[in-house]
Amino acid sequence: MAQDSPKNSAAEIPVTSNGQLDDSHEYSFNRDLKCSLPVGLGLSETKITFHGFDGAKEGVVEAGQFPSKGSSASPKSSVVSPSSAAASRLAGQGCDSIIPTGGRAQQKSGPVVLADEVKNPAMEKLELVRKWSLNTYKCTRQIISEKLGRGSRTVDLELEAQIDILKDNKKKYENILRLAQTLSTQLFQMVHTQRQLGDAFADLSLKSLELHEEFGYNADTQKLLAKNGETLLGAINFFIASVNTLVNKTIEDTLLTVKQYESARIEYDAYRTDLEELNLGPRDANTLPKIEQSQQLFQEHKEKYNKMRNDVSIKLKFLEENKVKVLHNQLVLFHSAIAAYFAGNQKQLEQTLKQFHIKLKTPGADAPSWLEEQ
């Protein structure tokens, strides 16, 4: 209902056929107009557009400068233009338009909602690439300087000595592992040959009556050697598996931590050198922020370097304890098995495997006959 009042007041203004206002209603028109104007807006600065509906006709009056109250002068100009689309526009607006002279209508804007700034994934990736490139440049420059003998590097003499010993021992353990694997392959071939030779002697023992006993003794001997060889082969393979785990898993894991420590050391020295160069330069408003940022980065990499150094020290300590324990057991096993095999002590060889909980699975071993089981 409140929206219909401006429209009705405008529609009640009579209009003549030539667009002139009726003088008898001038006072009421000016009074209604003043009530509808904003505070501080004069009649001389305003154009009025009002619409009156008379069937299918629409009246549009543009008023110029109006006289003051009590004057009988008419407006300077007026235009009447019928329009079929104005009615539909006014029906949606619900009120008359009042605009300042010489300007356009100002649209009413709704409430402005300030959304949170959305992070651009492309910008984040670009920033990561920039940091990675800068870090790579500094580390590369540090490595080149160290190789050329121009740059200084941080050295922990005790830790570096332990790392060098570990790398040297790893090469020696790898050599033992290769030789043990070669021995295992050759022993497997010998055992396979002895088993075939025993089968051949056994077959000839049945077909040669005059040499039955001789072929029989040789067949039993070769089968016994093949059986003992399979037992020794199981002990050697167990030795190889344990040493392989020690070399290629335990030691390799420690060396991986050593590589991370060396990378942290290079980064630490690179940012240390960068900070030293900035401190040697002038201190002004431009360089002070760079020095503070460099000091912060240096402190971060120093903490990372100290952490990695502690990790390497702990892993080296645990590795040494584990290495001594594993190699002690495996060396005792290897020695006992080899000695028992070549001494022909079958019971001692089997006892050695039981001592280290080694279960043999020999697919080529002869199964006992039903008479032996009885």
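Keep in mind that glycine also has a Cβ here, set from the backbone N, Cα and C atoms.
In TrEMBL, the region 'Disordered' annotation falls on 1-24 of the listed ranges 1-24, 289-312. The coiled coil annotation in TrEMBL falls on one of the ranges 156-183, 184-211, namely 156-183.
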